[in-house]
Amino acid sequence: MPTKIAVYPGSFDPITYGHLDIIDRALRIFDQVIVAVARNSAKSALFTTDERVDMIQRVLADNVRARVDTFDGLLIDYVLSQKATVIIRGLRAISDFEYEFQIAQMNRSISQDVETLFMMTSVPYGYLSSSIVKEVSSLNGPIDGLVPPLVRQALRDKFAGPDR
């Protein structure tokens with residue numbers, strides 16, 4: 001039986017428990033999930049690509065069916081190069097859906113061999129985003145329930161200034 005491979009793309013700047021929830025749930029459906037970190041994201045990143053990959057690899061170290069990789073260029077080209085058939089996208093709100101729907105339609109127009117699977121975030125993570133985590137952390141707020149401990153420490157290190 002062929003291996004069912006899905007790609008979960010994103011900037012993951014940084015990875016949160018919301019992302020990890022989607023990965024865990026996707027692994028219930030697929031044999032392998034590739035967490036694909038965007039190298040040339042339009043977003044301005046706090047962490048370098050290498051730092052993001054390292055954090056994700058460390059967080060997922062015990063899961064042999066999750067693999068971390070990077071990509072640039074068109075996502076659909078990367079997905080096809082990995083012999084994956086599904087793109088996983090997490091949705092928090094209807095506003096996420098409108099944008100993601102447009103991207104999914106564009107990907108579908110390029111290749112009908114790849115489907116996009118939208119997964120609603122679990123209730124505790126419905127509001128969670130990397131941007132919120134970075135903002136709260138930059139203001140020295142509590143992020144314990146939002147990111148794994150090693151990510152929390154990396155954020156503290158990034159935001160530690162001479163006056164902290």
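Glycine residues also receive a Cβ, built from the backbone N, Cα and C atoms like all the rest.
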Given Swiss-Prot lists Ser11, Leu75, Arg89 for substrate, the same-site residue among Lys4, Lys43, Lys83:
Lys43
Quick one: of the binding-site residues Ser11, Lys43, Leu75, which has its CA closest to the CA of Leu91 (ATP binding site)?
Ser11
So, three-state DSSP: helix, strand or coil for Leu91 (ATP binding site)?
strand
Rounded to the nearest Å - Cα separation of Leu128 (ATP binding site) and Ser11 (substrate binding site):
14
State the count of C-beta atoms found within 10 angstroms of the C-beta of Arg89 (substrate binding site), not counting that atom itself.
20
Between Leu75 (substrate binding site) and Glu100 (ATP binding site), how far is it from one CA atom to the other, in Å?
13
